[in-house]
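J.: OK, Swiss-Prot features for this one:
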SIGNAL    1-23  signal peptide
DOMAIN    41-86  domain 'Gla'
MOD_RES   Glu47  4-carboxyglutamate
MOD_RES   Glu48  4-carboxyglutamate
MOD_RES   Glu51  4-carboxyglutamate
MOD_RES   Glu55  4-carboxyglutamate
MOD_RES   Glu57  4-carboxyglutamate
DISULFID  Cys58-Cys63  disulfide bond
MOD_RES   Glu60  4-carboxyglutamate
MOD_RES   Glu67  4-carboxyglutamate
MOD_RES   Glu70  4-carboxyglutamate
MOD_RES   Glu73  4-carboxyglutamate
MOD_RES   Glu75  4-carboxyglutamate
MOD_RES   Glu80  4-carboxyglutamate
DOMAIN    87-123  domain 'EGF-like 1'
DISULFID  Cys91-Cys102  disulfide bond
CARBOHYD  Ser93  O-linked glycosylation site
DISULFID  Cys96-Cys111  disulfide bond
CARBOHYD  Asn99  N-linked glycosylation site
MOD_RES   Asp104  (3R)-3-hydroxyaspartate
DISULFID  Cys113-Cys122  disulfide bond
DOMAIN    125-166  domain 'EGF-like 2'
DISULFID  Cys129-Cys141  disulfide bond
DISULFID  Cys137-Cys150  disulfide bond
DISULFID  Cys152-Cys165  disulfide bond
DOMAIN    175-400  domain 'Peptidase S1'
DISULFID  Cys203-Cys219  disulfide bond
CARBOHYD  Asn225  N-linked glycosylation site
CARBOHYD  Asn233  N-linked glycosylation site
CARBOHYD  Asn306  N-linked glycosylation site
DISULFID  Cys327-Cys341  disulfide bond
CARBOHYD  Asn332  N-linked glycosylation site
Amino acid sequence: MAGCVPLLQGLVLVLALHRVEPSVFLPASKANDVLVRWKRAGSYLLEELFEGNLEKECYEEICVYEEAREVFENEVVTDEFWRRYKGGSPCISQPCLHNGSCQDSIWGYTCTCSPGYEGSNCELAKNECHPERTDGCQHFCLPGQESYTCSCAQGYRLGEDHKQCVPHDQCACGVLTSEKRAPDLQDLPWQVKLTNSEGKDFCGGVIIRENFVLTTAKCSLLHRNITVKTYFNRTSQDPLMIKITHVHVHMRYDADAGENDLSLLELEWPIQCPGAGLPVCTPEKDFAEHLLIPRTRGLLSGWARNGTDLGNSLTTRPVTLVEGEECGQVLNVTVTTRTYCERSSVAAMHWMDGSVVTREHRGSWFLTGVLGSQPVGGQAHMVLVTKVSRYSLWFKQIMN
C-alpha cells in the first residue's frame, strides 16, 4: 500500500497541470503580432542606420514627400522627383516612337527602340542626319541605307570615331587660336579689303581657299585691276598686297535683280597660312540650312562706310536669323531660296559690299552669308545676304 502512494500523487499532478492554462506560450494570433512588431522594429532600425533607399520607399511601396526628402536631402531635387512621381505613368502618353516599347521607372520611363531607331524617345532613324544629335557628325552628314556618313570641311580629316573632324593642314579652314574665339573679334584672318589701281579701298572680301577670295559680283566688276589687301598678323604698318589674276563672276549673275551676286577672285599667289591669313570654311547646304543658320548666332563683320571711304578698323556685330516673310516686308524685297536675312540689335551701320556673316560650330568658323548692295530705304539693323551654302557646287567647279 505504501508503494502506491507516490504513484497516486504523480497521477494527481498530471491531471492538475492538464487543467492549468499554458500561459508561457501565446496563442498563434498574438504570437504573430509579436513577430510582426519585432520585424518592423528591426527594419526601421536598419533604415535609420543606412541611407534612404528610393526604390524601396517609393517604388515597392507608396511613399510620402518626407520619405523622398530623406533620400535626396535636397529640396530642389526632391521637388523635381516628386512632380514626376505624382504625375502618374508616363508610358500612358506613348512617348516611344516608331513602335518602341515603354517601361515605367522611378524617374520616368525608358524606351526600348525598334531596329533602325535610337534616341531617348526612339525619334532618330539611325541612317538619317539629325541636327538634334549630340553625338553626330562634327561637320557634314550624308544619310545612307543603314547609317549616316560624316565628312569634313577643307583641311580636316575624320577622327578615329569617324565623326569628329581633326585639322591636319596648316590651312585648315575656320580655325582660330583660343584667345581669339570671343564674339567681339576685331581681327579675323579671312577678312580682306579690295583695292583699285589707285590704292583706294572699295569693297570687302573673304578668303575661302588660300588662293581664292569670295566677294560680290558687283564689286568684282567695278575695276579692272584689283588687289587684295590684308593687315592680319602684320608686324609693320604695311599691308600684305596680292594681285588678282582671274575674276570668276557667277554665270547667272543678274545685275538688275541683284541675284547670284557672287564672284570668285583668283590670287596671283596663295596666301601663306596661317601667318598671313586663313580661309573660312564653306558649309554644305543641309549643314548650313538645318543647323548653322537657324540654330546658332552669327557674326556680321566688315568695314563700315564713312562717306565714300572705308573705315580702318574691322567692325563686328552679333546677328540672328530673321524669317523671310518678316524681312521681305521690312526691307520691301523678295527673299528667295538663295538669300536670307540677319538682324542686329545694336546701332545701325552702313556696311560696305562684301561684308560677311560667319558662324562658329564646335571650334570651326563657317561662312553663311555675303552682303551685297542693300535695299534703298531699308532698315540698317536688318540686312539681306546671299546664302553661300547654295553655291557649294559652283565653288568646287571653279576652285578644283
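The backbone N, Cα and C atoms fix where each Cβ goes, and this holds for glycine too.
Since this is a predicted model, take the numbers as computed values, not measurements.
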J.: Please report the distance from the Cα of Cys327 (disulfide bond) to the Cα of the residue listed as 'O-linked glycosylation site', rounded to the nearest angstrom.
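T.: The Cα atom of Cys327 (disulfide bond) is 39 Å away from the Cα atom of the residue listed as 'O-linked glycosylation site'.
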J.: Out of Glu70, Asp104, Cys150, Cys152, give those recorded positions positioned within 10 angstroms of Cys141 (disulfide bond), comparing C-alpha atoms, in sequence order.
T.: Cys150, Cys152
J.: Within a 10 Å radius of its Cβ, which of these disulfide-bonded residues (Cys63, Cys327) has the fewest neighbouring Cβ atoms?
T.: Cys63
J.: Which residues of the same chain, at least 6 past either end of the domain 'EGF-like 2' (125-166), have a Cβ under 8 Å from a Cβ in it?
T.: 98, 116-119, 172-174, 209, 279, 281-284, 286-287, 290-291, 295, 361-362, 364, 366
J.: How many other Cβ atoms sit within 10 Å of the Cβ of Asn332 (N-linked glycosylation site)?
T.: 11
J.: According to DSSP, which kind of secondary structure is Cys111 (disulfide bond) found in, if we only use helix, strand and coil?
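T.: Going by the DSSP assignment, Cys111 (disulfide bond) falls within a strand, counted as strand.
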J.: Relative to the Cα of Asn225 (N-linked glycosylation site), which of the recorded positions Glu75, Cys111, Cys341 has the closest Cα?
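T.: Ranked by Cα distance from Asn225 (N-linked glycosylation site), first place goes to Cys341.
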J.: Can you give me the Cα-Cα distance between Glu75 (4-carboxyglutamate) and the residue listed as '(3R)-3-hydroxyaspartate' in Å, rounded to a whole number?
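T.: Pair distance, Cα basis, whole Å: 24 Å.
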J.: For the domain 'EGF-like 2' (125-166), DSSP counts of helix, strand and coil?
T.: 0 helix, 12 strand, 30 coil
J.: On a count of neighbouring CB atoms within 10 A, which of the disulfide-bonded residues Cys91, Cys219 is highest?
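T.: Selected residue: Cys219.
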J.: Under 8 Å Cβ-Cβ from Cys129 (disulfide bond), six or more apart in the same chain: what's there?
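T.: Looking at Cβ-Cβ distances below 8 Å from Cys129 (disulfide bond), excluding near sequence neighbours, one finds Gly136, Cys137, Cys141, Leu142, Pro143, Tyr148, Asp286.
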